[in-house]
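Look at Swiss-Prot and you will find 175, 294 tagged as active site, backed by sequence analysis. The active site, proton donor annotation in Swiss-Prot covers 224 and rests on sequence analysis. Feature annotation from Swiss-Prot assigns domain 'FAD-binding PCMH-type' to 27-207; the stated evidence is sequence analysis.
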């Protein structure tokens, strides 16, 4: 049974029993007990300071790399609004740096850099999602990861206090950053360099072409389902056990890239999670290797 929540007064927006499937790339998932979109960082800080401490908080980015279970999410689900989408130049004696709000789409950062002749962040065009989500999981593609370009990060803790971390403080590892306690990233400074518009454009086009040829980008999918292992790509192991194209309910392993799970139109979150767990079991039974989810799974499990 869900806990009754006493909500602080805020300047942002609350919605109760909000349908979360509309915000995820899989287009599945239940409702949020309370959905909150803060007006700005001050509003978010005030909310955190005044929300009873035992209430669960879940933060959403763009809804990629995410599976929300059918029974939904208790507590408060937070999605950063437009005030967290700003991109600005930062003065620095040693680097070219841009300040980016955590709610900004990775694609929009890549586009901004193209417009301003800034190189080094082209890989972001190949990573669906927001900057905040990318930092939280040290997202990467095409030979780069967030740890390679993050200079510093601003965040709020569970009590609404603001912290600034240098990249080294975030303990970046493969597909994760390790920090103590609950944090909501609000802004980051990213390192880039001067480059020609032609060079940047060519790199962006190459990445986008590769994505279109190798990933099911026009289907309902959340990106790579599993982390690669030390010795094998996840797709190689899935292919090895013969699960390319395999289905459970409306969920299917992509024929194009078998580390992508897709919703064929009528899948439930349970279909997708069960298909993923079947993959993990089969890979372990045949190879002794445990695949770890790269997709973040949140929400209440079915009884």
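Just so you know, glycine gets a Cβ as well, placed from its N, Cα and C.
Features per Swiss-Prot, on structure.
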residue : record                    : Cβ within 10 Å
175     : active site               : 18
224     : active site, proton donor : 22
294     : active site               : 20
* To do: Work out how many Å separate the residue listed as 'active site, proton donor' and residue 175 (active site) at their Cα atoms, rounded off.
  => 11
* Structure fact -> residue 294 (active site) sits from residue 175 (active site) (Cα to Cα, rounded, in Å) at a distance of 8
* Asked: Per DSSP, residue 224 (active site, proton donor) is which: helix, strand or coil?
  -> strand
* Taking every residue in the domain 'FAD-binding PCMH-type' (27-207), what is their average pLDDT? -> 96
